[in-house]
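Some features that Swiss-Prot has for this protein:
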type	residues	note
TOPO_DOM	1-6	topological domain 'Cytoplasmic'
TRANSMEM	7-27	transmembrane segment
TOPO_DOM	28-787	topological domain 'Periplasmic'
REGION	49-220	region 'Transglycosylase'
ACT_SITE	GLU87	active site, proton donor
REGION	398-711	region 'Transpeptidase'
ACT_SITE	SER457	active site, acyl-ester intermediate
Amino acid sequence: MYKSLFLCLKIFAVLILIGCSVTAYIIYHYSHDLPDYSQLARYYPPSVTRIYSRDGKLIEEYAFERRVFVPINNVPSSLIESFIAAEDKNFYTHPGIDLLGIVRAAFLNISNYLHNRRMEGASTITQQVVKNFLLTNEVSLERKIKEVIISYMISRIFTKHQILELYLNQTFFGRGAYGVAAAAQNYFNKSVEELTIAESAFIAALPKAPSELNPDKNYSRVKARRDYVIERMFEDGYITRDTMKEAIGSPIVLRKRAKEETVTADYYAEQVREEVIRMLNSKEEFYRGGLTIITSLDAKMQQLAENSLRKGLREFDRKSGFRKPIANIPLDNWQEELKKLPTPSSLLEYKLAVVLDVSDNHAKIGLIDGSKAKIPIVEMQWARSNLKSVKTLLKKGDVIVVEPIKDCYALRQIPEVNGAIMVMNPHTGQVLASVGGYDFSTSKFDRVTQALRQPGSLSKTFVYLAALENGVKPNQIFNDGPIEIIQGPGMPSWCPKNYEGQFLGDMTMRTGFEKSRNLITVRVATAVGLTKIVDIIKRFGINNEPKKVYSMVLGSIETTLSRITNAYAIIANGGKKVEPHFVELIQDRNGKIIYRRDNRECFSCNIADSDLDTAILEIPKEDIYRVTDEASNYQITSFLTGAIDSGTGYAARKLGKIIAGKTGTSNDSKDTWFIGFTPKIVVGSYVGYDTPKELGKKATGSNVVLPIFIDFMNHAYKDEPSLPFKVPDSIKLIAVDRITGKMIPNGTVIEAFKVNNIQMLENDYMIDNHDIFDYVPGMLDQSQEIY
């Protein structure tokens, strides 16, 4: 008996010795080419770069992996306990590998296999860290052995808290979220500190199968997994029975980021992305660096600008009438047939519908959700002139675009025309809003910064400014009659015409500008000379190399909305150089400022993620560089206010504000423009086809683009005071006759003359600048200041 027992012990000892030897050999063999796990001590995870508006609203997030790093000390214990209960019960006691857990899982999986249940894993949190950071997902014995060896080694080097920090920040949780902080934001719009027990358990349940555990698609499975984690938390002593019951009883309610916390500005965000990548000279740093970027964007103005542009494009498009239905489908199974159709691009808030029946007075429609509604004929009148019956416009089975309005629907169509709008602070250059097109998802081409177009009459402003700079007086008479320009050897003569083909005879330079008379502009240009006009076009940044031909004075040069709006911003600020900019401040992931546009000391500029409502200073920098003298600049500003008061921008008078502005229409009405400004804001807008073609025989900046400006200003500035433009000391205001330009006691227009060239004028009719404000809008006494 003793011999048998002794023999058994010997065999057992030999087996142990062999096992130890084999284990030692395996460890020795696989320890030579292990990855360098010391890199874990230098963990520097790629993080999300966020772009914010000036008032702290999130514009966009960029990342290769959407991750928000959170130090382990900031992770609440309830969230940590959820993961321990779900993934690794013995995490705090085992040396990186859980031998008891492996044995337990082996026996449990035999039972699970026999009963067709899900197999249990035995990987510890430490092993998952090793797999995520240092090894591949290859299924092999060699990889598993290396995983075990490294797990044991790093458990001897790193603390449990360090290992947890790596795990909680690196793990993928679905919906593009890496790390618990990103998961909390993605699923619940909360920080990790705000999560409830039930929400913590939900997040802890995700790593097993993040792509499959989607509450929207498989709610019962997701809830069962979450409830399992909650039960484990109770069994492990982390929560009480009452807490467990309450948590299990709570539904899974996912929350998106609140609308008031964000602002849609796709074109703006793309401009910022490109600009910051250029500044950093690194796409990698932009997408991985966890930057916080504060922009100049004003969330309210951005939304209003987008709304006004879309409204204007839609209204102009409807003037051409209804083109045709998208398709025609059989009505036997209309809902399914409607679902099969590809969703039209740029549908936005519009809906797809099918005509189920038509009568003289309305169309009955079906929507993709199966609901039915009506379109009254009054909501189709735009589609065809003198529409008497819906039957002449639509038929059964027609697929159309509709817009929900009060108590019914309206017939709509997606505009083919496109456009852009840009809003600037003329003193600082801050781009407060920028919308580069009708819909970014359809076309990422930015018509603010990328579209080169002919500005038409917008360029006239700078022809007249060149004349004023060179001493031409605003009341000088020019003839609005036929003219032939001899352009030189080998060049054909040029015979420009007015827009409507008429001639109005003699008029002052001011009147010629206000009425946007082409022939007056050409005569002013001949008086000044093309060299000076080319110089001013370059000086104002409209075009760096304009072709020196006379047609340029009527807008044949090419420019972008950004460039021409900035040129008008220079006029609006009194003639000082300014450049449009989108980015105010950039911080790295640690809050260190790596770029600030305004380098003056600012005690409120260290903005952390939790403190983004801090405002950026708006105090304008004084710039010693003057683009034009203040007297000439004021004179052209006076002309531009006149263009609103009695010229082509007359419709803007309904705003009841002091506004300066100019319309623009290129040859054949292919491009239409309007740029308007007050002492505080400049708004530039443009409408045209991406492939240039005529907008219509009667399409002009006045009737196509000016309504967009008016709609924007009516909403953005309706409560703002009407501020006049400051009259410089170098200007004297004199009453003159609008028609003859001569000084008369009760002149019909108050003209701005330079002090140094009015000696020959009769002093009897000079008006003290301080006395003029009782009856002349748009003028500001020198004693007043504009901020």
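Cβ from N, Cα, C; glycine included.
Model, not experiment: these values are computed from the prediction.
Long-range C-beta contacts of GLU87 (active site, proton donor), restricted to its own chain and to partners at least six residues apart, with a cutoff below 8 Å, comprise THR124, ILE125, GLN128, ALA204, PRO207. Around the Cβ of SER457 (active site, acyl-ester intermediate), the same chain contributes SER516, LEU554, GLY555, THR648, LYS662, THR663, GLY664, THR665, TRP673, GLY701, each under 8 angstroms and 6 or more positions distant in sequence. The region 'Transpeptidase' (398-711) scores a mean pLDDT of 90 in the predicted structure.
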